[in-house]
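**Student:** Can you keep this structure in mind? I'll have questions shortly.
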Amino acid sequence: MTTYNNKGPKPERGRFLHFHSVTFWVGNAKQAASFYCNKMGFEPLAYRGLETGSREVVSHVIKQGKIVFVLCSALNPWNKEMGDHLVKHGDGVKDIAFEVEDCDHIVQKARERGAKIVREPWVEQDKFGKVKFAVLQTYGDTTHTLVEKINYTGRFLPGFEAPTYKDTLLPKLPRCNLEIIDHIVGNQPDQEMQSASEWYLKNLQFHRFWSVDDTQVHTEYSSLRSIVVTNYEESIKMPINEPAPGRKKSQIQEYVDYNGGAGVQHIALKTEDIITAIRHLRERGTEFLAAPSSYYKLLRENLKSAKIQVKESMDVLEELHILVDYDEKGYLLQIFTKPMQDRPTLFLEVIQRHNHQGFGAGNFNSLFKAFEEEQALRGNLTDLEPNGVRSGM
């Protein structure tokens, strides 16, 4: 595990502030939005569809804390772009939006460095003000929308209106108190992690924050490599993973196979009270990966000689299958959902940090074993040939 302290020169202009929103392309946006509201504690925020004058795409916007998801579906049978995307990738993340200052400057610099500009800057407005946008191409078919608000006071963005329907079930469900997006992870095919991470360093002037390789993260069967990139202020963190050769197909390779290439593997949602959050998420019916009891037996033993003290009850953490990673300065608590759709692609993470800015490297091996158990149930923990080529899907 390597932590990087060199941020490089501060960009002259064009700040990246934070994650603005995450856009999903799905087969049925209404049902997908309802799923995330019921299972994960989101609430409807805004809507754009036929009733608001949008004739091609319907969008349901949901929010929890400062986390905003936008679920989008095509309205017409001739929408080839969204149709082809769904056939190839299934339901999943299409766009990760960043709120920025000086969108024009960021786009200009990215263009000079060779980035593909999917859509040049444009402005939309309504009675609440103006917003400037631009869209850049990143790994796979994923894009980044830059969002610059120009004295905008609306509930979401121009063209969106308040939802007209209120689900009477939602107020009766326990609150989950997920607050912000901590990080968003992109999976790449083998040998593409470096180029994907370099894209951020070169085009957005991000810097390396953290990394691990397959000598540090591996099980008997599989392994991975990961590089985390971040903006100058370190408010946006983007881990980039790739599989490393092993005896069997890794969960990273399984993702790449079922996603049809690179894409967003998981979104980490931060909370200040993970125990209450996970209790309530389980009450709502959310499924999580389970760490074995041996993990907690070893953890208890190791913590006896650690320089930090975990405040939470180890019995409760074990009961809820929450994982712990730590160093001499602090610790983090984390847990991962099972896939949020039928394809074993996108899942979510819930994380709580106590003076620890890592990504759970100490848990990677245990997590990989839990993932491998799920892979085996799906029939996907398959052998690889000696040269690392898969022997079957």
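The backbone N, Cα and C atoms fix where each Cβ goes, glycine too.
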**Student:** May I ask you to name which of Ser211, Ser223, Ser235 Swiss-Prot has annotated as phosphoserine?
**Tutor:** Ser211
**Student:** Looking at Ser34, Ser226, Ser313, Ser366, which residue has the phosphoserine feature per Swiss-Prot?
**Tutor:** Ser226
**Student:** Run through Lys30, Lys132 and tell me the one Swiss-Prot describes as N6-succinyllysine.
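**Tutor:** Lys132, according to Swiss-Prot.
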**Student:** Figure out which of His105, His266, His280 sits with His183, Glu349 in the Fe cation site per Swiss-Prot.
**Tutor:** His266
**Student:** Once the chains shown are all counted, how many other Cβ atoms turn up within 10 Å of the Cβ of His183 (Fe cation binding site)?
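**Tutor:** Total other Cβ atoms inside 10 Å, all chains included: 20.
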**Student:** If you count CB neighbours within 10 Å, which one among the modified residues Ser211, Ser226, Ser250 has the smallest count?
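**Tutor:** If we count Cβ atoms within 10 Å for the modified residues Ser211, Ser226, Ser250, the smallest count is at Ser211.
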**Student:** Between the recorded positions Lys132, His266, whose Cβ has more other Cβ atoms within 10 Å than any of the rest?
**Tutor:** His266
**Student:** So which recorded positions out of Lys132, His183, Ser211, Ser250, His266, Glu349 end up within 10 angstroms of Ser226 (phosphoserine), measuring C-alpha to C-alpha?
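**Tutor:** Near Ser226 (phosphoserine), where near means Cα within 10 Å, the recorded positions are Ser211.
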**Student:** Hey, how far is Ser211 (phosphoserine) from His183 (Fe cation binding site), Cα to Cα, in Å?
**Tutor:** 14
**Student:** In whole Å, note down how far the CA of His266 (Fe cation binding site) lies from the CA of Ser250 (phosphoserine).
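**Tutor:** Distance between the two Cα atoms comes out at 16 Å.
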**Student:** C-alpha of Lys132 (N6-succinyllysine) to C-alpha of His266 (Fe cation binding site): distance in Å?
**Tutor:** 28
